[in-house]
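Here's what TrEMBL has on this protein:
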- 6-24: transmembrane segment (TRANSMEM)
- 36-53: transmembrane segment (TRANSMEM)
- 59-79: transmembrane segment (TRANSMEM)
- 119-139: transmembrane segment (TRANSMEM)
- 151-173: transmembrane segment (TRANSMEM)
- 185-267: domain 'Wax synthase' (DOMAIN)
- 231-251: transmembrane segment (TRANSMEM)
- 292-312: transmembrane segment (TRANSMEM)
Amino acid sequence: MEGEIKNLINVWSSIIASLCYSYFVSSSIPKGKYRLLSLLPIFYLFTILPLYLSSAFNTALITFFITWLANFKLLLFSFGHGPLAWSKPKSLLLFISIASLPIKIKSDPSPQNPRSPKKVPLNLAAEILVFGILTTLWYDFKERIHPKLLLVLYCFLVFLMIDILIAFSNAIVRALLGLELEPPSDEPYLSTSLQDFWGRRWNLMVTNILRHTVYKPVRSTLAAFVSNDPALLAAVLATFLVSGLMHELLFYNVTRAAPSWEMTWFFVIHGMCVAVELAAKRALAGRWRLPWFVAGPLTVGFVVATSFWLFFPPIVRNGADVKVMEEFRYFALFLKTKLRF
């Protein structure tokens, strides 16, 4: 444990030093190809940093926060776009926080989103409690739980883990800088379509970053050669493909096993289904839609069923699930031992 903590400290020290360079040096270079060139060493460093860690959880965390999100934010920053490109200079602490954590500052913190009022509120304390109960169930009854029920358990754990991680990041930044931040998710279990799930409810930080780094550039580029509808559908497919490849990289870093590409196919299939859904909505033009009590279970059921088929099997097959869960137990015991003294 002590060795991994030292590795983690070294990794975060490298991240902070790299972001200081980006803030002081790269930001002074005009946006465009020269700023991009100045950031190429940072892109490379952020890509290999997870390989210096042995913990599955820490490796996944750094891959998600830094290799994926921070690199994509810096790519946007290269061209004067994204959350790091400001019209007026901001503090170094804010730059580092936004670059290294999965957070998004609210553009208008006063009004609440009228689109979907909270119906099943889950606060952070409740999520942590439920997460603790589910992990205890896993530790105590894993061998006696049916494999399909175990996958259902993993669906809940993945949702709670991502929500808790991003909520903690929001809490840290809110405490340090007093900023009002976007929530990590917007009740994805209430989604009534795949477009609603992926575009408006699930893991909103990733959705926002992919929208600006993949969807919008691909759509605007293709719009110069084809009509709007094909450009839109191709941009959707490209966005899901990139998301799949980044998930594949994340789990390669965790398992060090050759990719099976099942995870990529999971996102490609969802991208194709979202494209079909968008085309159907445009063809019907609001003349007919499924009632919410039918569309909701169908949407969530499709996400869960396809995750059983393609998303979770490579995780379970390579033992990443067991490794992460055992790390949680070891960390809890480590903390308990330290707090006694």
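Just so it is clear, glycine is given a Cβ too, placed from its N, Cα and C backbone atoms.
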Going by DSSP assignments with H, G and I as helix and E and B as strand, what are the residue counts for the domain 'Wax synthase' (185-267)? 64 helix, 0 strand, 19 coil
Mark yes when the transmembrane segment (231-251) and the transmembrane segment (151-173) have three or more Cβ pairs under 8 Å (sequence separation 6 or more) and no when they do not. no
Is the count of Cβ pairs under 8 Å between the transmembrane segment (231-251) and the transmembrane segment (59-79), pairs 6 or more apart in sequence, 3 or more? yes
Would you kindly list the residues that approach the transmembrane segment (59-79) from elsewhere in its chain, counting only those six or more residues past its ends and only Cβ-Cβ distances under 8 Å? 11, 15, 19, 22, 26-27, 31-32, 35-36, 39, 42-43, 46-47, 49-50, 53, 85, 98-102, 165, 205-206, 209-210, 212-213, 246, 249-251, 253-254, 324
Need one number: mean pLDDT over the domain 'Wax synthase' (185-267). 93
